[in-house]
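Record features, source TrEMBL:
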BINDING   Gly51, Ala53, Val54, Asn58, Ser301, Asn333, Leu398  Na(+) binding site
COMPBIAS  1-11  compositional bias 'Pro residues'
DISULFID  Cys156-Cys165  disulfide bond
REGION    1-35  region 'Disordered'
TRANSMEM  45-63  transmembrane segment
TRANSMEM  75-96  transmembrane segment
TRANSMEM  117-144  transmembrane segment
TRANSMEM  251-278  transmembrane segment
TRANSMEM  298-315  transmembrane segment
TRANSMEM  327-352  transmembrane segment
TRANSMEM  377-400  transmembrane segment
Amino acid sequence: MGPIRVPPPAEAPHGISPQNGAVPGERSKQDKSVKRGNWGNQIEFVLTSVGYAVGLGNVWRFPYLCYRNGGGAFMFPYFIMLVFCGIPLFFMELSFGQFASQGCLGVWRVSPMFKGVGYGMMVVSTYIGIYYNVVICIAFYYFFVSMTRVLPWTYCSNPWNTPDCVGVLDGNLSSHAAVNLTRLFNATQKRTSPSKEYWRRYVLNLSDDIGNLGEVRLPLLGCLGVSWVVVFLCLIKGVKSSGKVVYFTATFPYVVLTILFVRGITLEGALTGIMYYLTPQWDKILDAKVWGDAASQIFYSLGCAWGGLITMASYNKFHNNCYRDSIIISITNCATSVYAGFVIFSILGFMANHLGVDISKVADHGPGLAFVAYPEALTLLPISPLWSILFFFMLILLGLGTQ
């Protein structure tokens, strides 16, 4: 009896291996999408996704949540939520978009009953796009006005300031008050900083009543136009242009963060700020609100269920390893949040040391951190306009990456 001869496997059409999971008799899936196009290379997709995930929330939301919810102890529920909620959802959306090669609307052909989810994603993304561009325009405004010898929010001697304004560098303060303002903070709640009054009374020019709409701020309108034009130019050719832009917008913020970090840790009081940021309060782990904040920060930061991940992954090649990408992007995003906390609290620690107050008096979150607390701290540094330009340029790039 002769040897058994096994016939060679039939050649798969289009040069695709039959071991790709295709059903026998079904047409093999093309690795590239001729109609939609693909990313120039895998680095472009990873950088774009990192820019999408790493945004303003990493800088102005995570550090505040961390110190408010137990400092270093908050890292425990945060990374638990990352492993069990963030990465699985991130991987699911990337694999969904990559498999179907469709955006967040077309992908629901898999189950037309859920196409309303796709429209909901579009609505959410539209709102976020409008909101983010407003934040970018304010960052542009602060970036432009920082190009001066003295930052305009340094002193209280401006037309928009009130009698309640107390600046740490004002010449009318005694030397004792300039070094230690604890008594002023404790004696009155009316004390306002020049950076806060600059933000509320000059930049925004808030009206005194909801019925009074106020006026259009032409400088902000111009900066808003600039931000829309920049976003348009970044996206004018789809992934062909945006894939090239992210080489700069996704990487340079890390350069700026590192510069600010090196500068921050050399300041007096920086170590106190960092310890305040990291010192664990283990009793808060038992608080359900802490776990809720950890989950909301993961969802908010990774951008799950907004449609962006599905759309970006739809330009991947069919056999791309999106499991690897989801882990790399998710961990990079969370590590950036932790790193940004060191940058923020080293400067805030220096400011608290200069004022002689507790760090909780100067720590803030959201726009209050980016446009009030941190700018005021920058006025205390030598060559403050340089650090202000770097900081707001970083905010612009973080916003553009997400946008």
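Residue numbering: from 1, along the chain as shown.
Cβ atoms are placed via backbone N, Cα and C, with glycine included.
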C-beta crowding around Leu398 (Na(+) binding site), within 10 angstroms: 30
Cα-Cα, Cys156 (disulfide bond) versus Asn58 (Na(+) binding site), nearest Å, comes out at 31
In whole Å, how far does the CA atom of Ser301 (Na(+) binding site) lie from that of Cys165 (disulfide bond)? 35
Output, ordered by sequence, the same-chain residues six or more apart from Val54 (Na(+) binding site) with a CB under 8 Å from its CB, or 'none'. Ala250, Pro253, Ser301, Thr332, Asn333, Thr336, Leu398, Gly401, Thr402
Rank the binding-site residues Asn58, Ser301, Asn333 by how many other Cβ atoms lie within 10 Å of each Cβ and give me the one with the fewest. Ser301
Counting Cβ pairs under 8 Å that are 6 or more apart in sequence, does the total for the transmembrane segment (377-400) and the transmembrane segment (75-96) reach three or more? no
Rounded Cα separation (Å) that holds between Ala53 (Na(+) binding site) and Cys165 (disulfide bond): 38
CB-centroid shell, 8 A cutoff, Na(+) site Gly51, Ala53, Val54, Asn58, Ser301, Asn333, Leu398, site residues removed: Val50, Tyr52, Gly55, Gly57, Thr336, Ser337, Gly401, Thr402
Roughly how many Å separate the Cα of Gly51 (Na(+) binding site) from that of Cys165 (disulfide bond), to the nearest whole number? 38
